Amino acid sequence: MDPHLPLRLVGGRNRCEGRVEVRHQGVWGTVCDDRWNIKNARVVCRLLGCGHAVGAPGRSRFGAGTGPILMNEVRCSGLEDSLESCAHAGWIRHNCHHREDASVVCAGQTDSPVPKDNAQLSCLPHLFQAVIDRGYLRRLGYSSWDIHLNDRMCRPQVTGRYLIFNIPYGHCGTIRQEHQGSLSYSNSIRGRTQGHPGRVIVRHKVPQVKFTCKVDGQSAVEIVHGSDTQKDGVSYDVSISFLQSPASQNMGVGAPSYTHQREEVFLQATLHSHNPNLRLIVDTCVASPDPRDFTTVKYELIQEGCIKDNSYSNLHTSGKNVAQFKFNAFSFLKSYDVVYLQCKVAVCRTGDHSSRCSQGCTRRGRRGTGSAEASEESAEYIQTVGPLKIHRAGHQSKAPV
């Protein structure tokens, strides 16, 4: 990035997200979120060399600035070569407060590697093991006794100096990704925080520590196949895919795109098994603009069987091995035009009235030691799907994001 560029992002986890600040006559200041939208964010991300724009949140998402508010009513086409080239109300002409500071989230972030002295990662045939120095995690803002993986029930073994994570490839919220024939599995550690179900949640951010094991797709697919589980000769796999419509049964191939206000998104979870005595339900589904982070900014569609979004609906299916659901594409995360979904499904034995599949909406208290130790007849699987592209017309208002 050009150090002389009169533009920067402040308060984010990396240089490609944060509060927008511009320099005018030698003074740095903020931008008001009046009429702030994704087109403005595209200009900022391009100028900073941060890839495409993912979101344009307002309401001082990354904290309030302290200098002057320099710009307001910014209206870019998305192609300008500077932010000041966009139409705007004029320098220092506004009726805004710093609680209305505009922000940007770009996709071009690159994760910084953890120093080798502080972490070791071993990629084994059926799991990957991460050993991390507790002092290093404390410096990042984590508490060793209050930490978990993508699945909050998966916690580490705590020793004198280290935390040890044993992460099965198909459990604990591990994300499986394929790209040009190669296969990778990743997971991240997070701090446990209190939520506010039913609306967008913004929490204090600490740097994510992400584990990724990359393997050769051709040779490793026989050994590790997604969330495939084998016990006593019985195997099954769970997949979640976008569906064109409930009647078509045609799975979406690429990233679906939505443009109309009332357009519905359809998804299908499928249990692939030769065992006729298994069934599945959708337990939780959460939307986020970041496929690696479903904690910092999220919107809950369904949480532990409890519907949180008015547009969400479970659909009737004829088979026990299929669960379909739908929701409105425009009902959440209004500052983002690309979002991802992380959904958890429960697999249970048919007829077991004590299983998760028979409990419906529940806020569970004590549970087992996590999905990594769940039995074949009762297990949970988490999968991330997306991106879901939402093309919003018009300018963004100051509605909470």
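FYI, residue positions are counted from 1 along the chain as it appears here.
Just so it is clear, glycine is given a Cβ too, placed from its N, Cα and C backbone atoms.
TrEMBL: automatically predicted annotations, no manual curation.
Because the structure is a prediction, the values reported are computed rather than measured.
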Per TrEMBL, cysteine bonded by disulfide to CYS96 (from CYS16, CYS32, CYS172, CYS213): CYS32
Candidate in CYS76, CYS86, CYS106 joined to CYS45 through a disulfide, as TrEMBL lists it: CYS106
CYS86 - recorded disulfide partner, TrEMBL, among CYS50, CYS76: CYS76
By Cα-Cα distance, the member of disulfide-bonded residues CYS45, CYS96, CYS106 nearest CYS86 (disulfide bond): CYS45
Separation of alpha carbons, CYS76 (disulfide bond) and CYS45 (disulfide bond) (Å): 13
Conformational class of CYS76 (disulfide bond) under the three-state DSSP mapping: coil
Candidate with sparsest Cβ neighbourhood (10 Å radius) among CYS45, CYS86, the listed disulfide-bonded residues: CYS86
Segment confidence, the domain 'ZP' (122-364), expressed as mean pLDDT: 71
Cα-to-Cα gap, CYS106 (disulfide bond) vs CYS32 (disulfide bond), nearest whole Å: 19
